[in-house]
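Notes follow the structure.
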Amino acid sequence: MATRPGPLTEWPWHWMGSFKYLVLAPAALHTAHSVVTKGWGDMNLVYAAMLPALLLRLFHNQIWISLSRHQTARRKHIIVDRSLEFDQVDRERSWDDQAILATLFFYVAYAAIPSVRLMPMWETKGAIAIALLHVGPVEFIYYWFHRALHHHFLYSRYHSHHHASIVTEPITAVIHPFVETLAYFLLFSIPMLIPIYMGYGSVLGVVLYLACNDFINNMGHCNFEMLPKWIFQRFPPLKYLMYTPSYHSLHHTKFRTNYSLAMPIYDYIFNTMDKSTDELYERTLIGTEETPDVVHLTHMTTLQSTYHLRVGIASVASRPSDNHVWYMWMIWPMAWLSMVLAWVYGSSAFVVESLKLKKIMMQTWLIPRYNFQYSLIRERESINRLIEQAISDADQRGVKVLSLGLFNQERQLNGSGELFTQKYPKLRVRLVDGSGLATAVVLKSIPLDTKRVFLCGGGSKVAHATATALCERGVQVIMNQKKEYDMLKLRVAESSTAYLKFSSDEIPQIWIGDIIDDQQQMGAPRGATFIPTSQFPFKKIRKDCTYLSSPAMRIPEAMQNVHTCENWLPRRVMSAWRIAGMVHALEGWGIHECGDDMMDIEQVLSAAIKHGFIPL
């Protein structure tokens, strides 16, 4: 909201939440009725183009969002180096409101203006008229209207809502109060309506004009520089006719400069051009290749996790992945297509996130593979090659610590990373599987007065370490799987083996393990507590039991640029395996934590708490 919201600030369908697209239901039902009764052959061309045009605009904007977030994660050509937080993502999740409003306007125009229904697919004269009308009156009027919006009366009531986003993203371009957006629509309707009244309107002319406006707006609000210098060197007048992302970023950081829409000529004429515009453009265009101190190597999980990436759908990524949105099922074909493309063309890990804590720079690199692929034996060699390549790239770039997330550290895959330390004994980057901190967090979540726990399916490094530590503390660990029991008994100190028990009859209230399936959960006593020892949460099927989070900690408030959730974890909560890599770098530890090696659990937990991480 603006600092002092004025009349008509809120959008009419704000109360509908994610169901706001229902305002288009009458038009969609009318279209469906026409198709059923008359067939596609009698469908009016203009009417048939409205819904595809809306979907095209949404898809176009999403491409810009993904491109911008990927580039700002790489940080090479970043313009404004400030933190992007959840409050901005929440404020900008309504970016599609303007597309819905535009579609409603088109339906009204179709019904109210007879000449609209007669428009052909293309008319060259109309396209030329649209271009001239935009370059002429629209750009000029926009400049002065924009300056008026910066008057304290209008700014405090309306335009300050847009300027709350100092670190801009493509969708920032369309985040305005309702009445301000209405004013923009009236202005931008001039190049579309006048050619229609002149008899030169066309469907493609209107669609392309909207696409060009979207392109200009999205490009200008990207927080990275992308326009090459040679364009302005070969065509010097373009300096006055085409703006750049760095040009508009100065408007969001200094507020009283660079008011023009896409043609800076009016800022030159009326002396509002920021003097640092050219210098900022050249500096960010050259860019600097930053080397992170820590890399967290993860992978995609389910098909829907494609949306949940930072480069995916911003509003979805800002919430836990188990917080489903009703429209997710409608876009599953895009997720399936991205999976196929990642499988076929995904030849290396890529950057999806960049964070900062104190003086430590951190990046998240993504292996383009999904959970089910890690379970395929024939895929193990190729996945290990991807992990090995990522480790090699990190080592060459001077990364200090690389933490292995999710299945990238599976024993069956690469021995919790030991495969790579043995293959490269002179590896400078430290490999961390995070098992020490994860074990400490699991132990911390078990009540102090606990006398007995039930270990179910505990074959992982963390499960074994947790059970061993419990036995050493005098807590009885009960198992009902003979093979796992025999393996764990060899690891427990002789003085503590009395606390490790094999039994099929005794079932305590506290359950720990990597996987506890539905049948096993149903066998638990009423009021049981389930504590995961793996990075994946348990499926919740019992309402009379308590389910704890997978080992995780709340991150310090000082950590910057956190605006997405890590898989199923709440906001500003990260898995212990990921945090372990950060702590490793913050403490400057020079050893690997992989294979059978594990950090001292008390030492690593104390270090994490010292740096502001808080156990859940």
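Using N, Cα and C of the backbone, Cβ positions are placed for all residues, glycine too.
Unlike curated entries, TrEMBL annotations are predicted automatically.
As recorded in TrEMBL, the features of this protein are as follows:
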- 44-67: transmembrane segment (TRANSMEM)
- 99-120: transmembrane segment (TRANSMEM)
- 126-145: transmembrane segment (TRANSMEM)
- 133-272: domain 'Fatty acid hydroxylase' (DOMAIN)
- 182-211: transmembrane segment (TRANSMEM)
- 326-352: transmembrane segment (TRANSMEM)
- 453-615: domain 'Very-long-chain aldehyde decarbonylase CER1-like C-terminal' (DOMAIN)
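DSSP assignment over the domain 'Fatty acid hydroxylase' (133-272) gives 97 helix, 1 strand, 42 coil. Over the domain 'Fatty acid hydroxylase' (133-272), the average per-residue pLDDT in this prediction is 95.
Residues 8, 45-46, 49, 53, 56-57, 60, 101-102, 105, 109, 113, 115-116, 119-123, 125-127, 129-131, 133-134, 137-138, 141-142, 145, 176 of the same chain lie 6+ residues outside the transmembrane segment (182-211) yet bring a C-beta within less than 8 angstroms of a C-beta in it. The list of residues near the transmembrane segment (99-120) in space but at least 6 beyond its ends in sequence, with Cβ under 8 angstroms from a Cβ of it, reads 13, 20-21, 23-24, 27, 44-47, 50-51, 53-54, 57-58, 61, 181-182, 185, 189, 193, 196-197, 199, 201-203, 206, 210.
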